[in-house]
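If you check Swiss-Prot, you get these features:
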type	residues	note
ACT_SITE	Lys40	active site, proton acceptor
ACT_SITE	Tyr263	active site, proton acceptor
BINDING	Arg136, Met310	substrate binding site
MOD_RES	Lys40	N6-(pyridoxal phosphate)lysine
Amino acid sequence: MKASPHRPTKALIHLGAIRQNIQQMGAHIPQGTLKLAVVKANAYGHGAVAVAKAIQDDVDGFCVSNIDEAIELRQAGLSKPILILGVSEIEAVALAKEYDFTLTVAGLEWIQALLDKEVDLTGLTVHLKIDSGMGRIGFREASEVEQAQDLLQQHGVCVEGIFTHFATADEESDDYFNAQLERFKTILASMKEVPELVHASNSATTLWHVETIFNAVRMGDAMYGLNPSGAVLDLPYDLIPALTLESALVHVKTVPAGACMGYGATYQADSEQVIATVPIGYADGWTRDMQNFSVLVDGQACPIVGRVSMDQITIRLPKPYPLGTKVTLIGSNGDKEITATQVATYRVTINYEVVCLLSDRIPREYY
């Protein structure tokens, strides 16, 4: 999907805020800890290349989801280490060696498939993924980890790192977190040779479990100024939200009592009202369940009336405003603010999803 720069809807990305968040987090973790910036999913909707270029001097490497995201960074001139967190296809090994990527190895079957196809593994760098309780990918038994490490090293692979991912680091109870941590430590203790890099800390672990950090952290949601727990846990220190979503009024009218708005005529004015149209809709990631949520105009909360359409929403204004008046969907307007977490709470989801769903049709502007 191409960006639509000829309409007022845009996402403003404060790159300085992201850098400040990295520095803030860095000040609260053990000195010498490597900082890996997670820029997968287009940097959580913020723009992977622009963000990576802005922060490359503040971090020690990058994490992405798949090899295509990694190639995008390399082709944009980013030279720092890139770890691909997901399982890669067998055909990706040659690309990983060509572009100097680090692959994740999560199972013996994957290694055996490479050996069966006689893929040249010499010079490949990998991290071993441990499934300590997340349940997605990774080795679950110490014996499998030992076998994998031996096989890889026998075929010229550099096993540089080992890592896991916590499922509940952003929740109030530590019970499951501690159980995962112990499983991971048990596997580490069983290894004849522990890889150089050991990392288990995502944003939530970095914020609320700093005492469990090994020698690297993966900075994701928090790097963009978002609270990984939503509204469950208070941040231990201030972070600056980096993304503002705004648009403008493109049509304003006064309608009589009884006038209906949107598909299904689900909203009917109970009096004479001022209704405005804003060019954003579910094709932009502003989903249909946002009906009745309020956006900000002139520092005032204005409810979305009628269903969210593919490309447009209608809002109720307290009075007529000129065409072009700014509408804030995420961010500050006057003395009021809408956060991604507030949007997520309304949708019964998480702030990660809110920013990741913002489509490419919305131009990103950086400052």
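Each residue's number is its place along the chain shown, starting with 1.
Each Cβ is built from the backbone N, Cα and C atoms, and glycine gets one as well.
Just so you know, the Cβ of Tyr263 (active site, proton acceptor) picks up 11 other Cβ atoms within 10 Å once every protein chain is counted.
In the three-state DSSP assignment, the secondary structure recorded for Arg136 (substrate binding site) is coil. The highest number of surrounding Cβ atoms within 10 Å, among the recorded positions Lys40, Arg136, is found at Lys40. Cβ neighbour count for Met310 (substrate binding site): 10 (other Cβ atoms within 10 Å of its Cβ, all protein chains included).
Geometry remark: Tyr263 (active site, proton acceptor) versus Met310 (substrate binding site), CA distance 11 Å.
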